[in-house]
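Enquirer: So TrEMBL lists the following for this protein:
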- A:12-36: transmembrane segment (TRANSMEM)
- A:78-269: domain 'ABC transmembrane type-1' (DOMAIN)
- A:82-106: transmembrane segment (TRANSMEM)
- A:113-134: transmembrane segment (TRANSMEM)
- A:146-167: transmembrane segment (TRANSMEM)
- A:188-211: transmembrane segment (TRANSMEM)
- A:248-269: transmembrane segment (TRANSMEM)
Amino acid sequence: MVEHRPLRDLVAYAVLSLGVIIFAFPVYVAVIASTYDAATVVSGNLPLTPGSRMLENYYRAVFVGGSRFMNQPVGVLLANSFITAIGIAVGKILISILSAFAIVYFRFPFRRTAFWIIFVTLMLPVEVRIYPTYKIVADLHMLDTYAGLILPLIASATGTLLFRQFFMTVPDELLEASRIDGAGPLRFFWDTLLPLSMTTVAALFVIQFIYGWNQYLWPLLITTKDSMQTIVIGIKKMLSTTDELAEWQLAMATAVLAMLPPVAVVVFMQRLFVKGLVETEK
Amino acid sequence: MEKSVVFNGRLLPYLLLAPQLTITLIFFYWPASQAIRQSFLREDAFGLNSEFVGLENYQALFAQPEYYTAIGTTAVFSSLVTVLSLGVALLFATQADKNLKGGSVYKTLMIWPYAVAPAIAGVLWFFIFHPTLGTLARPLRLMGFDWNPMLNGTHALILVVMAAVWKQVAYNFLFFLAGLQAIPKSVIEAGAIDGAGPLRRFWTIIFPLLSPTTFFLLVVNIVYVFFETFGIIDAVTSGGPAGSTTTMVYKVFADGRLGGDLGSSAAQSVVLMVIVIALTAIQFRYVERKVQY
């Protein structure tokens, strides 16, 4: 073993603790701000201990909404974010597991072409083709719809590559065995391959849920009605008013609510999240 | 690597591919080709008529002083964020790799910012550094420092860099820690037996072995800074004050939406596409070479 020195460990604890504090501090301040009344927050002398308005602020944010900044309660925005994030995660898993199955387990003309058509999408994030994509979504009458929020964001190859990689490691004997049992491709997929893929499916779900939840530019462009907005955009709308009018305590309550679902997913599904992340990026 | 046992299907593989190919063609290839086409066209203000103008949009773009400012801002912003977030993450990862008691708790406490949306990260940092309300702006003012990211371009840039780094460290930490844990302990022990101290071991053994991870992260981080930080910039500064935080991606958005100049916006998109494709190509060539060993 490499030398073990208590001082060395002490330094490590100190550095890591400092890092943890820096990471947590902005969130701590946001939580504190969400427990005070507007006047205290705007005074510029926000205490560092919690106030007494927590329930009131969160209730107002979620169910009532502040009429001055946004005509929708945050509850609606949260629901939109959930639908979008789950739609992106489930949609991406569905289309990519099927196409990876076709590419790995069949030989057919244009197989390589199909693979490359999908593969190239890795290179261009939606941000560089926003206006033409916007126009197509508008022409298809998908502005202000969940389909418009979801479909353009699932057109990328990461999921297909992840499943392809995983299918390559599945032993050929399993396919032979299921053939001897007289199973066709769909039976094999459903009874053998899918159960084996569950860890990969879950890992991809975690990553894509976070990706979908945190989208900014795309929902900003294609939603015109406040009622279709996601929570990440909603927060900016709350603050895009003059300083004196911004209701920071509600905005901070909203920020906390917008962070909770993805952070909870990462913390509770850490193992899967790390697995999925490291493998998609390979 | 190819499967030796496969199914024979004529129609089925195409049916399985159909959903993904349809979505990819409609929402990826069609708009990407439109972006390229549009960059060679000039449209009137209502988008009713368009005329082929060749490279005029590009020439106009590269004659704009603001574009060079945006390129400069992007360069400064992305190198600051990349270097700082890689450096800080490496520091944390080397400490977390030390087999400490409670090490996994620290790991959890360090990776969660990855899940925070960039725009939300921006708003949190804006709040603590807000010139009049900010908890951390107060001490700065008391020290006689006239901090105001709403008026001072340098301060605004510092603010968005801090928020972007805060969010990105978690991601880099994760990959560095995985890279460090993959280094065989026997190699490090051999170094220790030869009498190399901890710092010497880090620079001569650990750091070179970590270079594939570092290179990979470098490319991924540059792409992150280019695109994902859009949310931070829009939510915190909207490209201001006076264009001091307008990056290339923000300018595509601003020129297209606010300025209504789709030709220039499309030409800018194409320039960005070329940059990303180049970065991706470098990454793949490198990764492939690594796989050959």
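Positions of Cβ are set from backbone N, Cα and C atoms, glycine also.
Automatic prediction, not curation, is the source of TrEMBL annotations.
Tell me about the surroundings of these features in the structure.
Expert: Cβ atoms under 8 Å from those of the transmembrane segment (A:82-106) belong to residues 114-115, 118, 146, 149-151, 153-154, 156-164, 167-168, 175, 185, 188-189, 193-194, 197, 201, 204-205, 208-213, 215, 219, 230, 261 of the same chain, restricted to positions at least 6 beyond its ends.
Using a Cβ-Cβ cut-off under 8 Å and counting only residues 6 or more beyond its ends in the same chain, the transmembrane segment (A:113-134) has close neighbours at 99, 102-103, 152-153, 155-158, 160-161, 217-218, 221-222.
Long-range contacts of the transmembrane segment (A:146-167) within its own chain (CB-CB distance under 8 A, at least 6 residues past either end) are made by residues 80, 83-84, 87-88, 91-93, 95-97, 99-101, 103-105, 118-122, 126, 133, 137, 140, 193, 197, 200, 203-204, 208, 211-212, 215, 218-219, 222-223, 228, 230, 276, 279-280, 282.
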Enquirer: Which sequence-distant residues neighbour the transmembrane segment (A:188-211)? Criterion: at least 6 residues beyond either end, Cβ under 8 Å.
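Expert: Answer is 85-86, 88-90, 92-93, 96-97, 101, 105, 153, 159, 162-163, 166-167, 170, 174-175, 178-179, 262, 265-266, 269, 272-273, 275-277, 279-280.
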